[in-house]
Amino acid sequence: MSTLDSILRETRSFDPAEDFRRKATVSGPDAYYALCEQADDHYLSFWGDLARELISWKKPFSRVLDDSNAPFFKWFDDGVLNISYNCLDRHLAVNANKIALIFEADGGGITRVTYSELHRRVCQFANGLKSLGVGKGDRVVIYMPMVIEAIVAMQACTRIGAIHSVVFGGFSAAAVHDRIQDAGAKVVITANEGLRGGKIVPLKAMVDEALAIPGSETVTATVVYQRTNSGASDWHDGRDIWWHKLIDGQPESCEPEWMQADDPLFILYTSGSTGRPKGIQHSSAGYLLGALNSFRWVFDYKPSDVFWCTADVGWITGHSYVCYGPLGMGATQVIFEGVPTYPDAGRFWRMIEQHKVTTFYTAPTAIRTLIKLGADLPKQYDLSSLRLLGTVGEPINPEAWMWYYEMVGGERCPIVDTWWQTETGSAMIAPLPGAIATKPGSCTLPLPGIMADIVDESGAPVEPGKGGFLVIKKPFPSLVRTIWNDPERFKSTYFPEEFNGQYYLAGDSANRDESGYFWIMGRIDDVLNVSGHRLGTMEIESALVANPLVAEAAVVGKPHEIKGEAVVAFVVLKGPRPTGEEARRMTAELKNWVAHEIGKLAQPDDIRFGDNLPKTRSGKIMRRLLRSIARGEEIAQDVSTLENPQILSQLQERAS
Ligand code: PRX
């Protein structure tokens with residue numbers, strides 16, 4: 001049965017356990033529907049009240065929403081605040097000695113950092129950044145391993161009003177360069193090396209390579225955190241400075257830069273269907289409000305919790321549910337440098353046992369990997385501290401959901417399947433776990449105040465059971481403000497004319513069942529979701545055609561048991577079509593090439609070579625056909641309009 005059929009036939013439903021429901025912040029369905037009603041009836045005061053309740057303002061706002069220049073919405077715009085103040089300083093009066101971070105290194109070493117210690121480190125580093133001339137509005141690229149200093153760097157930027165742009169450590173030098181250039185970064189913060197699964201990641205060497213490419217002249221300094229003992233190759237005097245030298249002698253306090261509510265907090269690059277990754281620009285107050293409120297409702301946050309979100313800070317999940325949401329609420333959280341399978345597939349379960357994690361949030365791809373490597377392994381650990389589980393980033397198949405529910409959660413922990421995006425900044429559709437019954441594979445119902453719906457091409461709502469476009473009908477505080485350097489693209493991508501420019505178009509298709517639950521079906525554009533990582537097919541195609549041997553390339557996705565989706569590339573070389581050994585050699589070369597151009601995460605699983613690509617007589621590549629070939633399906637489509645039907649059999653041939 002296809003995933004689609006199996007989820008549409010899913011009938012299992014799980015009410016929150018009585019004990020969980022009783023203690024939950026939003027307890028029982030009536031409480032949830034009451035909040036929804038409040039939001040429906042008094043939309044602006046609903047958000048205004050939350051912003052006053054959850055955020056500490058230097059100067060209160062007088063207006064909730066300015067929609068005079070829609071879709072460039074502004075929220076709370078005359079309010080003044082600082083995000084790092086909200087994440088650190090305001091906890092010091094009562095919680096100075098509370099543990100903020102429990103850091104577990106790749107090799108297993110553990111470091112605990114209290115709120116007062118984190119505050120001190122952030123202030124010192126913020127002063128260090130200031131000494132390099134970084135100030136309000138400057139862009140800072142952060143390319144770090146998942147260590148305490150990555151969070152210190154992000155918080156230090158927000159403290160002085162600099163706009164950070166974190167680049168995931170798995171991206172290549174070329175990808176780092178593109179982001180530096182687009183953001184016009186002044187400073188890059190990195191580490192000499194990273195460690196993941198016992199392997200070295202040469203971060204500083206990548207930065208050197210990125211900065212050697214013309215177009216990165218805006219960068220005046222590179223701060224290098226010494227993560228390993230091996231020093232750093234290629235030191236550029238006058239540009240490179242060690243982190244420890246930068247903070248040496250810096251004062252341990254730093255007055256926050258007071259910011260307007262809508263000042264940009266960060267830019268995070270993500271893939272779309274066309275062109276290069278787009279710089280998603282988030283605001284200060286609106287973004288923080290989304291992170292705080294969803295953290296409290298969706299994860300039913302209690303001050304006694306030990307929260308663990310396994311995402312890297314290079315992704316939006318690591319921004320909202322590592323750096324900003326949990327710290328803003330004064331939570332204790334685990335952060336982890338390594339990977340779930342190192343040194344063995346029991347790593348996550350051992351860490352949950354050891355740190356007494358109460359709330360665990362990870363991606364379906366990690367769950368599927370761990371099922372495969374040891375479905376019974378969780379039984380060997382004491383996971384009784386857990387009270388709530390979560391997933392994010394891609395659809396979860398009901399079998400993986402059930403395993404997570406039974407084997408990890410011991411049938412007592414609700415699972416919050418959270419649907420959201422880089423653009424939405426915080427969780428949009430997810431069960432409030434003490435209120436809403438869950439169904440395996442469904443992200444259930446929108447958070448109160450999130451006007452999500454499913455519509456057809458004309459913008460009209462569709463009936464239950466009929467799929468359509470997922471939209472959000474009203475602006476909300478944590479929504480992306482614009483695409484950095486490209487407001488036109490922002491407008492046409494997210495607020496298209498088809499819907500009168502009124503609805504936020506998420507880019508996913510979805511379905512709703514009879515009880516109103518949402519089931520996400522996948523992207524409607526040329527975006528792939530590989531192991532929960534978002535990749536544009538066009539980005540990979542551009543990388544392939546940048547290879548001097550390649551004439552043309554088309555990339556599609558195919559279902560993959562563990563990764564959710566895998567990349568398949570169809571390639572036409574400038575020379576003759578390779579076969580046999582030569583095809584295998586070219587496949588390996590092109591995989592390396594993509595790793596070099598974008599990062600390993602974008603490498604095709606499968607590369608097929610043809611003398612041409614299947615095209616209509618007007619020259620359009622028939623992608624649907626390529627998708628069928630990639631999946632090994634019989635070709636059911638009409639190929640009579642094809643210019644060159646004979647190449648289909650070439651493309652069906654695998655090199656290995
Ligand atoms: O297709 C949806 C999928 O991931 C996309 C957003 O990717 P990104 O911006 O990288 O953010 C991921 C982390 C928030 C969405 O358009 N997606 C995300 N969460 C889910 C999901 N698909 C199904 N179920 C989810 N819970």
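Every residue, even glycine, has its Cβ placed from backbone N, Cα and C.
Keep in mind that TrEMBL annotations are predicted by a computer and have not been checked by a curator.
Per TrEMBL, CoA binding site is recorded for Arg196, Gly197, Gly198, Lys199, Thr317, Ser531. Taken from TrEMBL, the feature ATP binding site applies to Gly393, Glu394, Pro395, Asp417, Thr418, Trp419, Trp420, Gln421, Thr422, Asp508, Arg523, Arg534. Residues or ranges marked as Mg(2+) binding site in TrEMBL: Val545, Val550. The annotation domain 'Acetyl-coenzyme A synthetase N-terminal' is assigned in TrEMBL to 32-87. According to TrEMBL, the domain 'AMP-dependent synthetase/ligase' annotation covers 89-475. Taken from TrEMBL, the feature domain 'AMP-binding enzyme C-terminal' covers 539-620. Annotation comment: TrEMBL describes Lys620 as N6-acetyllysine.
With a cut-off of under 6 Å between the Cβ and any atom of ligand 1, the binding-site residues Thr317, Gly393, Val545 reduce to Thr317, Gly393. The least crowded of the binding-site residues Thr317, Thr422, judged by other CB atoms within 10 A of its own CB, is Thr422.
For the domain 'Acetyl-coenzyme A synthetase N-terminal' (32-87), the DSSP counts in helix, strand and coil order read 27 helix, 7 strand, 22 coil. Across the domain 'AMP-binding enzyme C-terminal' (539-620), mean pLDDT in this model comes to 95. Ser531 (CoA binding site) sits 14 Å from Arg523 (ATP binding site), taking the C-alpha atoms as the reference points. Taking every pair among Arg196, Gly197, Gly198, Lys199, Thr317, Ser531, the residues listed as contacting CoA, the largest Cα to Cα separation comes to 24 Å.
The binding-site residues near Gly393 (ATP binding site), taking a 10 angstroms Cα-Cα threshold over the set Arg196, Gly198, Thr317, are Thr317. Under the DSSP three-state reduction, Gly197 (CoA binding site) is assigned to coil, being neither helix nor strand. Largest Cα-Cα distance over the residues recorded as binding ATP, namely Gly393, Glu394, Pro395, Asp417, Thr418, Trp419, Trp420, Gln421, Thr422, Asp508, Arg523, Arg534, equals 18 Å. Sequence-distant contacts of Gly198 (CoA binding site), defined as residues of its own chain at least six apart whose C-beta falls under 8 angstroms from its C-beta, comprise Asp106, Gly107, Tyr342, Pro343.
Comparing Trp420 (ATP binding site) with Thr317 (CoA binding site), their Cα atoms are 9 Å apart once rounded. A coil conformation is recorded for Thr422 (ATP binding site) in the three-state DSSP classification, outside any helix or strand. Cα distances from Gly197 (CoA binding site) to the binding-site residues Pro395, Arg523, Val545, Val550 are smallest for Pro395. Straight-line distance linking the Cα atoms of Arg196 (CoA binding site) and Pro395 (ATP binding site), rounded to a whole number, equals 26 Å.
In this structure, the C-alpha atom of Thr422 (ATP binding site) lies 32 angstrom from that of Val550 (Mg(2+) binding site). For Thr418 (ATP binding site), the same-chain residues lying six or more positions away in sequence with a CB closer than 8 A to its CB are Val298, Tyr361, Gly390, Thr391, Val392, Ala427, Ile429, Ala430, Cys443.
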